[in-house]
Each structure stands twice: as C-alpha cells, then as structure tokens.
Amino acid sequence: MAGVCDMAPNFLSPSEDQALGLALGREVALNCTAWVFSRPQCPQPSVQWLKDGLALGNGSHFSLHEDFWVSANFSEIVSSVLVLNLTNAEDYGTFTCSVWNVSSHSFTLWRAGPAGHVAAVLASLLVLVVLLLVALLYVKCRLNMLLWYQDTYGEVEMNDGKLYDAYVSYSDCPEDRKFVNFILKPQLERRRGYKLFLEDRDLLPRAEPSADLLVNLSRCRRLIVVLSDAFLSRPWCSQSFREGLCRLLELTRRPIFITFEGQRREPIHPALRLLRQHRHLVTLVLWKPGSVTPSSDFWKELQLALPRKVQYRPVEGDPQTRLQDDKDPMLIVRGRAAQGRGMESELDPDPEGDLGVRGPVFGEPPTPLQETRICIGESHGSEMDVSDLGSRNYSARTDFYCLVSEDDV
C-alpha cells in the first residue's frame, strides 16, 4: 500500500510558470489546485507554500484558504489560495506550492512601477504635433499639389477646335485696361503660355447676346470676368445680374470672376452676394495687394481654373541629319560643318546653285564673297562629299535649301 500512497499529485493550477508585475500596495491571490490519489490508510494531503525555496512562515501580510473535494475512485482534489498584501519590497519573490514534497509551477511576483501617464501624454502631444504639421503643409502646399496633379493627370484640352484659352471681359476704364494689359495679360501669356482674347464690352447685357459675342465665346475654352468697381457700377449689374448670369452659364462652363479685396467691405454688392451663393457653379479668385507677385496664390488659383498647359520637349534632331552629328550634309565643306559664328569664310563652289554655305546668324551683316576664278571643268570632289545626296529625302529640309526640277524652272 505504501506504493499507492506514493503516487505523485497532478497539479491543475498553476499549469505553467507565471510572472506577475504588480505595484506596491496591491493585493494578489495565488491559487494552487492539485489532484491526488488517496486511500484511507494514506496520510491526509496538505498544501504547503514556499517562497524562494523556503517555507512561508506566519505573517500578517498574507492569508490562506484551503478546500478539499473527494471524488470517486479514491481521488481527492485539494485547493489552497494564498492572498498576499504587497506592502513592502520583501513581499515580492517566487512562490510555489508543494503537496507531499512535490512542487508545482511557480508564481514570480516582481515590482512594477506606478501607472504613469507620461508616455500617454507624450504620445498624444506627438500625434497632435504631427496633425498640426500636416495641416500646415496642406494649407501652404495645397495649391502646389493641385497644380502638380493638374499638370500630371489633368485633362488636356487641345483638339477641341478652340483658338483661345480664355475670353477676358473687363470694363472700358483706365484702371481696368491697365490691370488687364499690364498685369493679367503679360503674366498669363508670357510667363504661363496662355492665349487670351480681350474685349471691353458688356458681357452680360439685358438683351440677347449678339452673334459676335457667341462666336467669340465659342472660340475660347474659359471665360474670365474682371469684376472691378467700374464693372459693378453699371446699371444692369444691380438690376438684371441674375438673368445675365443664368444666360452666361448656358454659354460657358464655370466662368471665372476676379474680385478685389476692397469689395469685401459692407454693404456687399448684390452681384457679389449672388456669386458667393452660387460658388459651386462659378470660380471666384480674389485679388489682393500682394497678388502682383508671380508666386502668389492668386495666379495659382487662376491657373487651376484655366486649362492644363502641355509642355513640349524639343526634338532631339532631324532624322535626316541625326547620323551626321546633327549637321546638314549639304553644308559639310572640306570634311567639317560650316559654323555660323567664329568660322572663316569658305569658298562656295556653286554660288548660284543649292549647295551654298549657311548664312550669317541674326544681326550680323553678310560676309562679302571673295572674287575667285573657278574653272567649270575642275573637279572639287576633295572639298565636298556629295556621294550620298541622291539617296536622301530632301523634302524634309526646307529651312536651308530647296531643290527644283527642270519643269519648275
């Protein structure tokens, strides 16, 4: 029977080693449950707690609760709960329970620092700073990003039969003429490559639009209206602007209205109030005192409202001369190309024909030809290579020479 009583217990809890980080002042309950095989002649099983390999003595900082359950087949379940009050650093350590000198898995208690909010506060501040930077970059770079997207993926409006990029309507007063001809037109045409159609007439008259106005609008991709004080002072702007705007929206898509900062003062003109109410149908661009700078937001917003401009790369070279180091084979004299500037004058073997040398570049007076005596029967094959002229396509080059046949003469 002694062998039956020596059967090792089976620990149900803890099933594995556990490590618990607890702050000072906390209370923790450690549960040790084991299944043992018991007979009447076997000693009563008991649970003993060990701390760091030593038996746990009596103390006021812990308490024990033991329970026993007897089941069939002479088996018994014993449970012990150790409740610890972590009041000082000596209460931490490695705890194990033992039944019949057989130890269970361990509970390792280590001291954790007090729950602090420093990390959470720092993380929140970091997220807030990142959001502020993103918002600042969006405000500062929004127009640049939109321009980049338009230049890269925007719709190309080229083969639509239009002759002009924008129709510009303005008042026939000195201030508006100066603004359009000395600020708006140079910036859009010279710096940004747009083609404008300027006209100082009433664009939104009360009567039906004239045939000339319809034709001119049909030739332009966009419409720009300079809403200056002189433009708004016209009687129809206060009386029938709504009817004119409805008629204008039928003729062109999303017209562009240039307003001025001084017009924002109260009372607001009825036409401006109407345009702000229909902002989803029109484009309003505000001119400020600092908008004259080419890099200001005014020009960026105006360019976003205008069609996309396509930049063409220069052609690498004429296919006819690409294999000749981009030199015209008809202009190769004595094995090297005739340069426009910085080259001594070469004799022309045939001044009356089509094998002449390249003329002087812009602004330079023509170099007088030297009188030479050339016999018709002399051979000049060493001075000019014309062996492959018959196989070339001369119709592709019209800037330097032109070949004619006897029938044309």
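Glycine is treated like the rest: Cβ placed from N, Cα and C.
Given the structure is predicted, the values throughout are model-derived calculations rather than measurements.
Annotation comment: Swiss-Prot describes 1-117 as topological domain 'Extracellular', evidence class sequence analysis. If you average pLDDT over the topological domain 'Extracellular' (1-117) in this model, you get 79.
Annotation comment: Swiss-Prot describes 9-108 as domain 'Ig-like C2-type'.
The N-linked glycosylation site annotation in Swiss-Prot covers Asn31 (among others). Its own atom aside, the Cβ of Asn31 (N-linked glycosylation site) has 14 Cβ atoms within 10 angstroms in the protein chains shown. DSSP gives Asn31 (N-linked glycosylation site) a strand state.
Feature annotation from Swiss-Prot assigns N-linked glycosylation site to Asn58 (among others); the stated evidence is sequence analysis.
Feature annotation from Swiss-Prot assigns N-linked glycosylation site to Asn73 (among others); the stated evidence is sequence analysis.
Look at Asn85 (N-linked glycosylation site): DSSP puts it in a strand. Within 10 Å of the Cβ of Asn85 (N-linked glycosylation site) there are 15 other Cβ atoms, across all protein chains. For Asn85 (among others), the entry in Swiss-Prot reads N-linked glycosylation site.
In the three-state DSSP assignment, the secondary structure recorded for Asn101 (N-linked glycosylation site) is coil. Under the heading N-linked glycosylation site, Swiss-Prot lists Asn101 (among others).
For 139-409, the entry in Swiss-Prot reads topological domain 'Cytoplasmic', with the evidence type sequence analysis.
Residues or ranges marked as domain 'TIR' in Swiss-Prot: 162-306.
Annotation comment: Swiss-Prot describes Ser382 as phosphoserine, evidence class a large-scale study or a structure entry.
Counting residues of the domain 'Ig-like C2-type' (9-108) by DSSP class, helix then strand then coil, yields 3 helix, 58 strand, 39 coil. Taking all protein chains in view, 7 other C-beta atoms sit within 10 angstroms of the C-beta of Asn101 (N-linked glycosylation site). Under DSSP, the residues of the domain 'TIR' (162-306) split into helix, strand and coil as follows: 71 helix, 27 strand, 47 coil.
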